[in-house]
Amino acid sequence: MIGYLKGNVIWKAENKVILETGGVGYRVLVPSTVRLKPVGEKLELFVYTYVREDSLDLYGFKTMEERELFETLLSVSGIGPRAAINILSSLSYKKFIEAILTEKVSILKQVSGIGPKTAKRLILELKGKLKDMSGDFEEPLPDNRNTELSDALASLGYSELEIEEALSNADIKNNGSLEENIKKALGYLGSKGS
């Protein structure tokens, strides 16, 4: 099984990349949260190898935690690799785990193809499994401050997914000023683009 690839990008398209490693090109499917490097640059991916009777597919992730979450999602009845990639493309790692642990069906239903029944099944089957993966999540910002920050980032042209990812990963503090939190979010979003 292939678990990790590091190589040069020789071709890329939306949610797909071919990495050349040791003279071999590996076609890897990735969630939209993976920022693909330009052709010719190096890229590292943690890989899940999905084997079916008639094919072998590689799914790549920027962190081992995301790869493990993908594998955990596949354990849910009715969730295949396409649905799992769709979930990880729509919600950040932390946001998804928080939605499961806090049983927020409304957040899960925002993912295309996830209705109320599937959202409830995800919560039921994953809540116990994801407690170990949850880490120490800081309490989210109060709704009004979170909304102000989201609105500010949206006015700068960032997508809902980018905003959600920045809110989850940019070391934004409850006691920080709006200006400080905007700077941190922009710093995070800027570092992802490079």
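Here the Cβ of each residue, glycine as well, is placed from N, Cα and C on the backbone.
Remember, predicted model here, so these are calculated numbers, not experimental data.
Mean pLDDT for the region 'Domain I' (1-62) in this predicted model: 94. For 1-62, the entry in Swiss-Prot reads region 'Domain I', with the evidence type sequence analysis.
Swiss-Prot lists 63-136 with the feature region 'Domain II'.
The region 'Flexible linker' annotation in Swiss-Prot covers 136-140.
According to Swiss-Prot, the feature region 'Domain III' maps to 141-194, an assignment based on sequence analysis.
Per DSSP, the secondary structure of the region 'Domain I' (1-62) breaks down as 0 helix, 38 strand, 24 coil. Counted with DSSP, the region 'Domain II' (63-136) comes out as 49 helix, 0 strand, 25 coil.
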